[in-house]
Every structure is written in C-alpha cells, then in structure tokens.
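Taken straight from TrEMBL:
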TRANSMEM  46-71  transmembrane segment
TRANSMEM  78-99  transmembrane segment
TRANSMEM  111-134  transmembrane segment
TRANSMEM  146-174  transmembrane segment
TRANSMEM  218-243  transmembrane segment
TRANSMEM  330-356  transmembrane segment
TRANSMEM  362-384  transmembrane segment
TRANSMEM  396-416  transmembrane segment
TRANSMEM  487-505  transmembrane segment
TRANSMEM  526-550  transmembrane segment
TRANSMEM  556-577  transmembrane segment
Amino acid sequence: MSQRADASQCGGVVVEFESDDIRDARAKKARSIPGSALIYLKGPKFLIYVSGALSMWGDRMWHFAISVFLIELYGRNLLLTAVFGLVVAGSVLLLGALIGDWVDRNPRNKVAHASLFIQNISVTICSIVLMLVFSYKQRIEQIWDGWLTVVCYTVVIVLADVANLASTALTIAIQRDWIVVITGYNRGHLAGMNATMRRIDQVTNILAPLAVGQVMTLASNVVGCGFILGWNLVSLIVEFFFLSRVYRIVPALSIKPPVEEADQVFLQRMERRESQGDCNVAQPQPLTEGNCNTSLNLKEITDLPLCFRKFRWLVSTCKDGWRAYYRQPVFLAGMGLAFLYTTVLGFDCITTGYAYTQGISGSLLSLLMGVSAITGLLGTVMFTRLRKTYGLVNTGIISSCLHLCCLLLCVCSVFAPGSPMDLSLLMPYITSNSSTELGRMATQRQKHTYLLRGGSNLPLLPDRSSIHWTNNTVLFDNVPSDAAPESYISIILLFLGVITARIGLWSFDLTVTQLLQENICESERGVVNGVQSSMNYLMDLLHFIMVISAPQPQHFGILVIISVLFITTGHTMYFLYAHKAKRKRRLDT
C-alpha cells in the first residue's frame with residue numbers, strides 16, 4: 001500500500017511486482033509450448049542480452065584502447081591519461097543528474113537511439129582522428145609550431161568523453177528502466193535479467209581487452225583503431241535494429257508519465273518556492289511592496305535571455321536531482337554502494353601494479369584475473385538463489401557479511417610475512433638515531449620490493465558500471481623477473497581475499513541495483529540513477545587521490561586498511577537501510 005502511495009506522490013506509474021509463484025507458473029507454461037526456444041530467441045529478453053553484449057564489448061575494448069593510445073601519443077607519459085580520467089569523472093559527476101533528467105523527459109526509443117548513435121559515432125570519429133595522428137604524427141607536429149597536435153589531443157579527449165556520457169545515458173535507459181518494464185515488474189524475472197546482464201559484463205570485461213590488445217600487439221595501433229571503428233559501425237546497426245524491435249514488441253515501453261516542458265517546470269518551481277516563502281499566512285494579505293516580489297521575480301525570469309533561462313534551469317535540475325536522490329527510501333543503500341568504489345582491493349591498475357612490484361608475473365596475474373571472473377559469476381548465481389530463498393533485503397545483508405569476512409584476509413596480508421609496509425616513510429621528521437634504525441629495518445623489508453622505474457602505465461580512468469573496476473594490463477619497465485620475495489604469504493592472502501570477496505561484492509551490487517529499480521518511481525528513475533552514477537564516480541576519484549597521496553609499494557598496506565574502512569562504512573549504511581526497511585514492513589503489517 002505504501003509503495004502505491006509513494007509512486008502516486010512522485011508522479012510515477014503505479015505498478016505491482018508479481019510474486020515468484022506467478023513467475024514459476026508462467027515459466028512452466030512457456031516450457032510446454034512447442035518451439036519455445038525459437039520464441040525465446042525472438043523475444044525481448046534475448047534481444048536485450050545480445051544488444052547489451054555488443055555494447056559492453058565495444059565499451060570494454062574502447063576503454064582499454066584509449067588509455068593505451070593516449071600513453072603512446074604522449075611519449076609513454078601519463079599526462080594525457082590522467083587528464084582524460086579527470087575529464088571523464090568530472091563530466092559525469094557534474095552532468096549525471098542532467099543526463100538522468102533527459103532520460104526521464106523523453107520517450108524511451110528516442111533516448112536509446114540518440115544515446116546509441118552519439119556514443120558510436122563519437123568513438124568512430126575519435127578512431128579516425130587517432131588513425132590520422134598515428135600515421136602522420138611527425139607532419140602534424142610541424143604544423144602551427146606543434147599546436148595542431150594539441151588540437152588533436154583535445155579533440156580525442158572531448159570525443160571520448162562525449163562517448164562516455166552517451167554510454168552512461170544508454171546504461172541508465174536500458175539497464176535501469178527498460179529491463180524493469182520488459183520483465184512486467186516481476187521481481188523474479190527482474191533478478192534473473194540483472195544477473196544475466198552482469199554475467200555478460202563479467203565475461204566481456206576479461207575477453208574484450210584481450211581481443212583488442214592482441215590486435216594492437218600483432219598488428220599496430222592504426223589497425224587497432226580500425227578494428228574498433230569497424231566494430232562500432234556494425235554494432236550501431238545491430239543494436240539499433242534490436243532495440244527498435246524490442247520497443248515494438250513490448251507496448252509498455254511506449255508509456256511514460258507525462259513530463260512538462262522545461263521552462264514551465266522551472267517557472268512552476270519558482271512560483272512554488274516564492275509562495276512558500278512569502279505567503280505562509282492562509283488569509284489574504286494587502287497588496288504591499290513585499291507581496292509584489294513574487295510577480296516581479298517571475299517577470300524578471302521570463303524577461304531573461306533564453307541562454308540565461310536555460311542555464312538557471314540546468315542548475316535547478318541538478319539541485320532537484322540531488323534532492324530527489326536524497327529523499328529516496330533506498331538512499332542509504334545507494335550511498336553504501338557508492339562507498340564501495342573507494343578501494344584498491346580490485347583487479348584494477350593499482351592492484352595490478354602492486355602485484356608486479358611483488359614479483360608476480362604477468363601470466364600469473366592473467367590467471368588470477370580469470371579466476372576472479374569465475375568468482376564474480378558465482379556471485380551472480382548466489383544472488384538469484386539467496387533472493388528467492390531469503391528475500392532481497394536479507395540477500396544484501398548476507399552478501400555484505402560475506403564481502404567483509406573475505407576482506408579480512410586482505411587486512412591480514414598487511415601484517416603477514418612478505419608485506420612491504422613501512423610506516424616510517426609517512427613520518428615527516430624522525431631523529432637521527434631512530435632514522436638509522438628504521439632505515440636498517442626498511443632495508444631488510446625492501447629486499448622483496450621492486451621500486452618502479454620508468455613509465456608505469458597506470459590509467460586513471462574509472463570504470464562506469466555499478467562495481468566495475470578496470471582490468472587494463474599494466475606493464476612495468478625494469479622490474480626484475482629473476483628475483484623472488486622472502487615470503488609470498490602476504491601477496492597470497494591479499495589476492496585470496498580480493499578473489500573470494502568478489503562473490504559477496506557482485507551479489508551485493510545486484511541487490512542494491514534491484515532495490516533502486518523496485519523502489520524508485522518511474523518518473524524519477526533516470527535522474528536518480530544519474531545521480532547514483534555521479535556518486536560512484538566521486539568515490540572512485542577518492543581512491544585515486546589516495547594512491548597519489550601514498551604512491552609507494554610500502555604504502556599499499558595503508559591503502560588496504562583505508563579501503564576496508566570505506567567498504568565497512570558502505571555496508572554499515574546498507575545495514576541501517578535494511579533495519580529501517582524491516583521496521584517499516586512490520587509497521588505496515
């Protein structure tokens with residue numbers, strides 16, 4: 001009853017999520033129909049899976065390749081990669097609410113087609129520019145005293161950022177909105193589609209960078225750009241056709257809550273705020289100078305140039321989007337998910353680089369990444385089983401506990417034999433006697449630590465989906481391959497904790513994702529998920545700031561402890577949400 005009331009208050013379409021019994025009955029009926037496999041292949045779910053797989057594969061290839069391309073362009077320097085990472089994260093952080101609001105205000109098919117077209121065309125043009133730069137780099141550097149090179153770099157970064165924003169809009173539209181409608185608001189079907197989409201993402205996260213990396217290694221960067229260009233053009237056509245067909249065969253996708261025009265919405269908001277500020281008394285007031293402020297302010301707003309009115313509307317939309325996110329009943333769960341991004345305990349460029357300093361070979365790291373993908377898939381399977389048995393909220397609690405228990409192994413690795421942690425490197429001043437003693441201790445502990453000299457290609461690009469960390473292969477120069485650390489216990493505990501924790505991590509991620517899908521009314525689904533993306537990027541930036549503040553391998557143990565503290569805070573927020581949700585359920589019954 002409360003869900004129906006909440007939906008009506010925010011202008012959403014009132015829906016009722018079906019029970020698992022109804023879902024099982026329909027599934028049995030579907031299996032009894034001859035040719036059900038053919039029906040499934042022509043159905044909306046399969047088309048969404050194929051379209052999502054093509055989109056995710058293209059995204060993974062592009063995110064891996066653009067980091068390598070920028071490093072190659074700037075003489076194996078990290079400056080362009082760092083600038084690109086900051087631009088991408090900052091743009092989503094600032095524009096996330098606006099992207100979500102745009103998704104809410106426009107028809108679903110137009111949003112999906114526009115996002116798909118902008119994303120793929122931006123990547124295509126960017127690939128062409130990169131091919132030209134790689135082919136004629138020396139000539140380009142001689143034009144305009146080298147300023148043409150700067151222009152090319154700027155164009156590449158801007159186009160790649162536009163592609164990322166369009167990809168964010170497409171992800172919000174398809175994975176946060178379309179899926180809910182396609183499943184007919186059935187909780188069981190929704191959980192199954194979410195888990196399947198996440199499994200597809202896990203597989204592409206490993207295979208796509210490997211595929212484009214092989215092309216770039218065996219051929220050249222120009223051929224790699226051409227490969228990505230061709231993939232995006234073919235993917236654009238196939239995805240456009242599949243999404244159009246899904247929109248036609250699911251009539252509910254064409255129904256959205258009516259949204260007023262932007263100027264009307266802004267003026268009504270201003271009228272409402274002015275009336276609340278100046279007209280708190282119920283009885284009529286005499287016409288005075290103070291009471292005329294409302295009409296004068298509204299007249300000033302309407303007299304402003306169109307560009308200023310649009311800018312004020314953009315600012316107002318951002319503020320209202322963050323307010324809408326804050327007042328959601330699942331606000332604490334979403335914040336808890338965002339806090340999980342401030343961590344170095346994933347198979348990202350930071351952890352991969354640390355593993356290289358500890359003598360772990362690239363082949364072994366590739367094997368560990370494959371094992372982590374398998375445990376991630378196990379997490380998606382565990383989510384569907386736990387949700388059906390214990391319910392969605394309890395599934396999040398179980399997943400949180402499992403995640404935290406596995407991360408305790410990472411904390412133990414900080415103090416285990418073989419750990420390079422040296423707190424003396426963080427002290428600004430120590431006495432000469434203690435300096436000599438600590439220096440001798442640091443020398444003993446650094447026998448197994450290889451300092452990075454040369455270009456450490458660590459892309460600063462945060463991943464975009466719920467808890468996606470980049471798996472870009474990082475190669476370090478001058479790392480001795482024949483030396484061995486005194487003890488492997490620390491690094492074994494670290495990766496054992498990271499790999500096993502992914503089971504609880506992905507199950508928790510799917511739990512919060514479905515909570516957002518079920519509890520956000522349809523008219524605010526886009527803007528709230530846009531703000532959620534902004535929060536994810538914000539917390540992801542914090543973890544890069546952590547690494548910049550403590551970049552040495554001897555500091556990694558401190559980063560591990562800080563990461564576990566952030567993750568614990570995030571899960572604590574979810575526990576508070578679960579407590580409130582259960583208490584509200586008891587009161588309603």
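Cβ coordinates come from backbone N, Cα and C, glycine included.
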* Determine which residues of the chain contact the transmembrane segment (146-174) at the Cβ level, with the cut-off under 8 Å and only residues 6 or more beyond its ends counted. => 48, 51-52, 55, 59, 62, 66, 69-70, 73-74, 80, 83-84, 87-88, 91-92, 95-96, 99-100, 102-103, 108, 111-112, 114-116, 118-120, 122-123, 125-126, 129-130, 132-133, 137, 140, 243, 464-465, 526, 529-530, 533
* Between the stretches 78-99, 218-243, 330-356, 396-416, 487-505, which wins on the count of C-beta pairs under 8 angstroms to the transmembrane segment (362-384)? -> 487-505
* Asked: Are there three or more C-beta pairs under 8 angstroms joining the transmembrane segment (46-71) and the transmembrane segment (330-356), sequence spacing 6 or more?
  -> no
* To do: Go through 46-71, 111-134, 396-416, 487-505, 526-550 and flag the stretch with the largest number of C-beta pairs under 8 Å relative to the transmembrane segment (78-99).
  => 526-550
* **Folded-back contacts onto the transmembrane segment (218-243), same chain, C-beta under 8 angstroms, at least six residues removed** => 47-48, 50-51, 54-55, 57-58, 61-62, 65, 68-69, 72, 109, 112-113, 116-117, 120-121, 123-124, 127-128, 130-131, 134-135, 174, 212
